[in-house]
Each structure stands twice: as structure tokens, then as C-alpha cells.
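K.L.:
The domain 'ATP-grasp' annotation in Swiss-Prot covers 108-314. Taken from Swiss-Prot, the feature ATP binding site applies to 134-195, supported by sequence analysis. Among the features that Swiss-Prot reports, Mg(2+) binding site is placed at Glu284, Asn286.
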Amino acid sequence: MKLLVVGSGGREHAIAKKLLASKGVDQVFVAPGNDGMTLDGLDLVNIVVSEHSRLIAFAKENEISWAFIGPDDALAAGIVDDFNSAGLRAFGPTKAAAELEWSKDFAKEIMVKYNVPTAAYGTFSDFEKAKAYIEEQGAPIVVKADGLALGKGVVVAETVEQAVEAAQEMLLDNKFGDSGARVVIEEFLDGEEFSLFAFANGDKFYIMPTAQDHKRAFDGDKGPNTGGMGAYAPVPHLPQSVVDTAVEMIVRPVLEGMVAEGRPYLGVLYVGLILTADGPKVIEFNSRFGDPETQIILPRLTSDFAQNIDDIMMGIEPYITWQKDGVTLGVVVASEGYPFDYEKGVPLPEKTDGDIITYYAGVKFSENSELLLSNGGRVYMLVTTEDSVKAGQDKIYTQLAQQDTTGLFYRNDIGSKAIRE
């Protein structure tokens, strides 16, 4: 069986590597992928994610069994619909189902309609009305661009002035273009955040281990929001009762609701949750695997990944098993200056040996193909599975201390919340 993974980051590296390790999978292509993936025997295809017709032609010419779609923008652009129309299978939601991610207002409407716990909110396209709402509600308050904004479209404002400025940047200054033409303004929720993922097909779903991401750039959750600087799974201090509540009050009603709306959901559903004094509430939905959470969840899968996905797509009950003990922890290494301006072309350390996994993201080979160089904001991620969060930290940070990370940076406290609890 030959498979195609669409995307180019660390998430797609983890997906493709796990698929290639599955029985019956002979070859995994990644479009466009990154040069670091070739070190794990993956084949790159020089087609960008927005070129649906070229991807479809490639899949047909190479007798691809099915495609796994990684990035949110491809799903929002209807790549799954296009593959299906061409008679090809793709694992991911249709454009209509993916609206759970590409419109925060739509997600809110679904949650309200199906009684899913989330923050109180208002949606605005008129700046003066947004400003009046902010002034009426007070701070802290959260301002979100309605559409996709590379994970940067959320401002947690500690003052009314900050919130008004964020709304102005989105609605009047076109900071995020069409994605910010509407804003969702939410009450601030206090509590610890965690991620819950599920494989889904219609109202059938299969929960994955819990994970905790670290969005801020710097230690102590300081600095600007990023795509994510590290993660670990499962979250050891999170009671199973909280997970069970989230499944029954959030995951199940949302997926059943999407079926009722005529938008049945196939793919990975990510639920960003916050554990408040009133129980778990939804911060956001993503219509695909998270990055970096994928890189610490998939190493815990002990069943056959390709078979699991194939079964889910076919409506067959999958046999999914997860490692029960230990913790998987990963730290992202990023270009200095990320998430703002950064240099490219920094030489990278050689791939680690042993049981530390390296997943590559923003990298490319030098002209003579002897060296990997940085080529993006988030560059690579080191992942290990150990008995505890502390053991995972020790292993990764010892390895990083031995690497030359000049021109790069990473957080030194990934997983520390689990140790403090």
C-alpha cells in the first residue's frame, strides 16, 4: 500500500513516520514535506498543499490508497471534497465539517445549540459595536479573529485598552485580512489548559491520550503566543473523571450535532479545553492534529496506525491500543526571533541516535546536501518516552545541552506544570 501525507511540518513528519512503520505500507509520500523527513525513508513530492489538482493527479498516477491531510488551511480550502470528487479517499473533514476550526463563530453557534460548555461571547464585524461590548464587559477579556490566523489570531487582553486595540487591528487595520473581518470576543476563563484528540467518523469516535501544549515562546509562559514550543502526554495530574466529563459533555454532543447539521465529521478532532471551577470548557476546536501534540501522541500508539485509519474511514471498528505507562515529552527548537522575524540557514546538529526521536519542520539541506539548515520558525523537535515527566525532561535537556543551538532557542520548562502539581 502506498500513502500520501499532505503538509510539511513536524506534525506531518510524525504522521508519515508512523504510517511507514505500519504493516502493509510500502511507501509514504509527503507533499511537499521537508528535507529532514528523508532521513526516515519518506519520499518528498514537490507539490504545495494548495495545488489540489496536482496532488490528485499525483495520487492517481502513483496508485495512492488514501491521503492523510495535515494542515488546517488545506482542509478549509476543501481538499478532502476535491479528493472525494475525484474518486480518491482522504482522511480529514470536508470543508463544511472543518468550519468548526475555520470559523470560531460557527463553532460557538454549534456549542450553544448543542449545550456544550464554553465561554460567553459576542461576534462583531463592526468596530464600534465591538468596542462598546468590550467596554461593557471589562477586562480581562479575549479577542479572537474569526478565521484562520496561523495560531496568532487570539489576544488575551488584560486591559480594556488592549482589547480595543486588538479589535481595531483586526477589524479596521486588516491585520489578518479576511480572517479578521469578524471577531469573536469572549469572557476570560481561568484554569489549566489541556488538549483532547479523537479519531472520528460521524458519531463514532476514539479518544487519544490527553496532552498539554506550551503556547508561549518563553519559560514561565511568558512572551508571545506561538504555534507551540513543546508538549507532553498524557497529562498525569488530570483526573480521568475530567476526561470522561469532557467526552460526554463536549466530544459526543459536538460530533452528533455535526451529523444532525448534515456535516458529518471524518478525521481528527482536536478540542482545546480549560479546566475551570465549573468543570472543563471549550476554548477552541481544530479540525486536524495539533502541532506539536501529534509528535508526542503518535509515539504512544501501539496498534497499526495505517490499519486504524483505514478501518475508521471504512466504518469498521478499529483495534486501537496505546502505551499505558510512562510519559512522552517533546521540546521544540525554534529560530531565534520566532514567532516574529528570524534568520534562516543556521546549520543544525546531527540527528540524535538512540531512543530520542527527532521530528523536523522548518529545515532544508545545504546545496551540497551534507548539512541540514534551518528554514522556518519552528525547526525541529526532540521527543522521548520515559517513566515520568521529570525523567523525560532530564533526557531531552541533557541532549539539547550537548547540541550546538547557536541561532536557535527552546524553552527549558516543558512539562514543569505536571511536576508542580
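Cβ from N, Cα, C; glycine included.
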K.L.:
Could you give the Cα-Cα distance between Leu150 (ATP binding site) and Glu284 (Mg(2+) binding site), in whole Å?
P.N.:
14
K.L.:
Based on Cβ atoms within 10 Å, give me the single least packed residue among the binding-site residues Ile134, Val142, Ala166.
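P.N.:
Checked Ile134, Val142, Ala166; of these binding-site residues, fewest Cβ neighbours within 10 Å: Val142.
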K.L.:
About how far apart, in whole Å, are the alpha carbons (Cα) of Arg182 (ATP binding site) and Glu284 (Mg(2+) binding site)?
P.N.:
16
K.L.:
What are the sequence-distant neighbours of Glu158 (ATP binding site), meaning same chain, six or more residues apart, C-beta distance under 8 angstroms?
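P.N.:
Ala139, Pro140 - these are the non-local Cβ neighbours of Glu158 (ATP binding site), listed in sequence order.
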K.L.:
Let me know the DSSP-derived helix, strand or coil state of Ile134 (ATP binding site), please.
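P.N.:
For Ile134 (ATP binding site) - judged by DSSP and reduced to three states - the answer is helix.
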K.L.:
Among the binding-site residues Asn174, Asn286, whose Cβ has the fewest other Cβ atoms within 10 Å?
P.N.:
Asn174
K.L.:
Among all chains shown, work out which of the binding-site residues Asp190, Glu284 has the most CB atoms within 10 A of its CB.
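P.N.:
That would be Glu284, with the highest Cβ count within 10 Å.
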K.L.:
Roughly where does the domain 'ATP-grasp' (108-314) sit in mean pLDDT, to the nearest integer?
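P.N.:
Mean pLDDT, the domain 'ATP-grasp' (108-314): 96.
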K.L.:
Reduce the DSSP letter at Ala166 (ATP binding site) to three states and note it down.
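P.N.:
DSSP call for Ala166 (ATP binding site): helix.
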K.L.:
Look up Asn286 (Mg(2+) binding site) in the DSSP assignment and reduce it to helix, strand or coil.
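P.N.:
DSSP call for Asn286 (Mg(2+) binding site): strand.
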K.L.:
Quick one: of the binding-site residues Ile134, Val142, Ala166, Asn174, Asp190, which has its CA closest to the CA of Glu284 (Mg(2+) binding site)?
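P.N.:
Smallest Cα separation from Glu284 (Mg(2+) binding site) among Ile134, Val142, Ala166, Asn174, Asp190: Val142.
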